[in-house]
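Student: After the structure tokens below, expect a handful of questions from me.
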């Protein structure tokens, strides 16, 4: 098990960075392809990438989508004595939830389950929680306990404990989700984990940052309390948020070979570590311009021609952020190579892991900005 570690400057021990290693595991798609079940799975659990960002129906209802390409997760512990869980750290949601021993769904039975009775610090909240998916739901209840993340012990953190889960979650490598968006997005009045870190003065600076490795399983890291210069080169470009709910920014345009192919005149985008791909209303334009062809919703390219594919450039706040073909194509010779651009309904763009692997991402709550720098 990878463990969190702390780096402190020699001159000032208060300048501490709390690092939580992230593991790049097999995605649900890769697991299902290996088992020969992917083509059976995908029509049964269709991917609606924008379901996560749909208007919420009522208090206590959160939306989420079944992203079969999520790869990165890290270890947290909950309770006294601690029970460990692997979670996806998601800047596109704000709640923390994990399976409980009261869940007997298929999806719960192959994941770690929290036992409230074994924790001396657990308190029941008395309220229920429901998370709606495009093809199912997770239902459960809320409670409070100590949650340790990256070496930081957050006391009285509200957590969701599942009692039933949608079947497709059995293929998710992580046990649950830890949301890192703004508190207004949280359901049931829950205070997000990072907000509690700030209120309990656990971090020196009210920011956290992500480095996502491209190929290796290890090396990815989530840093609380600042930035780690070991993971980026050059200067940081600071971009003000256009809306403080998700980590939402304004994109000026998207170009291929100097020609605008999407987002002409500007558009809104969310920097989201809980989405694997780049999703937007004009992604098919991008796919067409890079020479990809549609194969049952996947846009395929020749695996031998990745080095010759054109760059895709995002123009943001007067600066350019370029993704080469090697950055936006994923897959293998065995199952084919596909782009990381997926058409989504609505007007929002989602800049997920395909984008963040290229750019070290800093989420600054103190100044409500996102920082981007070229990842090492």
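Using N, Cα and C of the backbone, Cβ positions are placed for all residues, glycine too.
Remember, predicted model here, so these are calculated numbers, not experimental data.
The active site annotation in TrEMBL covers 90, 272. Sequence annotations record features per position, and here TrEMBL assigns disulfide bond to 103-108, 263-267, 303-337. Annotation comment: TrEMBL describes 72-373 as domain 'Peptidase A1'. Residues annotated as signal peptide in TrEMBL: 1-16.
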Student: Select the closest residue to residue 103 (disulfide bond) from the following recorded positions, measuring between CA atoms: 263, 267, 272.
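Tutor: Given the candidates 263, 267, 272, the nearest one is 272.
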Student: Are there residues of the same chain, six or more positions away from residue 267 (disulfide bond), whose CB falls under 8 angstroms from its CB, and which are they?
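Tutor: In sequence order, the residues whose Cβ lies under 8 Å from that of residue 267 (disulfide bond) (at least 6 apart) are 250, 251, 280, 347, 348, 349.
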Student: Roughly where does the domain 'Peptidase A1' (72-373) sit in mean pLDDT, to the nearest integer?
Tutor: 93
Student: Tell me which residues of the chain lie with their Cβ under 8 angstroms from that of residue 337 (disulfide bond), as long as they are six or more apart in sequence?
Tutor: 300, 301, 302, 303, 306, 329, 330, 331
Student: I need the nearest neighbour of residue 90 (active site) among the recorded positions 108, 263, 272, using C-alpha distances.
Tutor: 272
Student: How many other Cβ atoms sit within 10 Å of the Cβ of residue 303 (disulfide bond)?
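Tutor: Its Cβ has 15 other Cβ atoms within 10 Å.
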Student: Tally every other Cβ atom lying within 10 Å of the Cβ atom of residue 90 (active site).
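Tutor: Around residue 90 (active site), other Cβ atoms within 10 Å: 22.
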Student: What number of additional C-beta atoms lies within 10 angstroms of the C-beta atom of residue 263 (disulfide bond)?
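Tutor: If we count other Cβ atoms within 10 Å of residue 263 (disulfide bond), we arrive at 25.
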